[in-house]
Amino acid sequence: MNNNGEQQTATAGSARIFDHIVSSLLPTRHGEFRIHVYQPVGETVEHVAIVKGDLKDQERVLVRVHSECLTGDVLGSMRCDCGEQLDAALAKISSAGQGVVVYLRGHEGRGIGLANKIRAYQLQDQGRDTVEANLDLGLPVDIRDYQVAAHILSDLGIKSICLMTNNPRKMMKLAEYGVNVIERVPVLTAHTPHNISYLRTKQEKLGHMLDFE
Ligand SMILES: Nc1nc2c(ncn2[C@@H]2O[C@H](COP(=O)(O)OP(=O)(O)OP(=O)(O)O)[C@@H](O)[C@H]2O)c(=O)[nH]1
Ligand SMILES: [Zn+2]
């Protein structure tokens, strides 16, 4: 990316991987950020980095790698913890004065897409848990890839990160893609009657560090 936020192409060897399309200021209720749009080469999906401060060559940058969740992030659904986690991450970055939320589109429903996630909700309404529902639909439990997130963090010039997550797999995957993950920062949200069994399943079957008894 250049300093004017104009389009530039990232390469690995001679192969183009993704383009930094554009950036601008983004005032939010959590303060002022800069929004950057990235697009993997040959794809139409547009990923976003919401940045606070100049991250170039910085160590221990607060980072949230957030999977798109239309129902939780935009509509305020209480079936999951996504919306609250996104808000908490932006608030924490804002008060730290530095950090980034990498918002991954195409990750909806842990990669199965919105319609399939809603199909999974139908099955959960009939008593299946979040993992069983995907399997009943003949779909994988989690097909998210984090390579583009690693490229975005590298494009921003970040040296090492403190990752805001409860998901150890996310830390591991980012590290495999070359991200220097120094520390995990928990992103714990309130339990409600709507999300308690969902959170419990994430802890028991997906290994999330949620600290239920
Ligand atoms: N298939 C499916 N996806 C869901 C369900 N509830 C939320 N999601 C999706 O799950 C993704 C978020 O993943 P989570 O497992 O909640 O959390 P995580 O990103 O792995 O880990 P954290 O960093 O701790 O938030 C979002 O893309 C949501 O759309 C569900 O019941 N079924
Ligand atoms: Zn969600």
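Cβ coordinates are placed from backbone N, Cα and C, and glycine is handled just like the others.
The domain 'GTP cyclohydrolase II' annotation in TrEMBL covers 23-186.
Counting only same-chain residues six or more apart in sequence, the Cβ atoms lying under 8 angstroms from the Cβ of Glu108 (GTP binding site) belong to Ser67, Glu68, Cys69, Leu70, Leu114, Lys117. Residues or ranges marked as GTP binding site by TrEMBL: Arg64, Val65, His66, Ser67, Glu68, Gln85, Glu108, Gly109, Arg110, Thr130, Thr165, Lys170.
According to DSSP, Cys69 (Zn(2+) binding site) is assigned to coil rather than to any helix or strand. Feature annotation from TrEMBL assigns Zn(2+) binding site to Cys69, Cys80, Cys82.
The Cβ of Asp142 (active site, proton acceptor) has Arg110, Gly111, Arg169, Leu206 as same-chain neighbours under 8 Å, each 6 or more residues away in sequence. Asp142 (active site, proton acceptor) falls outside any helix or strand according to DSSP and counts as coil. The active site, proton acceptor annotation in TrEMBL covers Asp142.
According to TrEMBL, the active site, nucleophile annotation covers Arg144.
For His66 (GTP binding site), the same-chain residues lying six or more positions away in sequence with a CB closer than 8 A to its CB are Asp73, Cys82, Gln85, Leu86, Ala89, Val101, Val102, Tyr103, Leu104.
In terms of C-alpha distance, the listed recorded positions Arg64, Arg144, Thr165 place Thr165 closest to Cys80 (Zn(2+) binding site). Within 10 Å of the Cβ of Thr165 (GTP binding site) there are 22 other Cβ atoms, across all protein chains.
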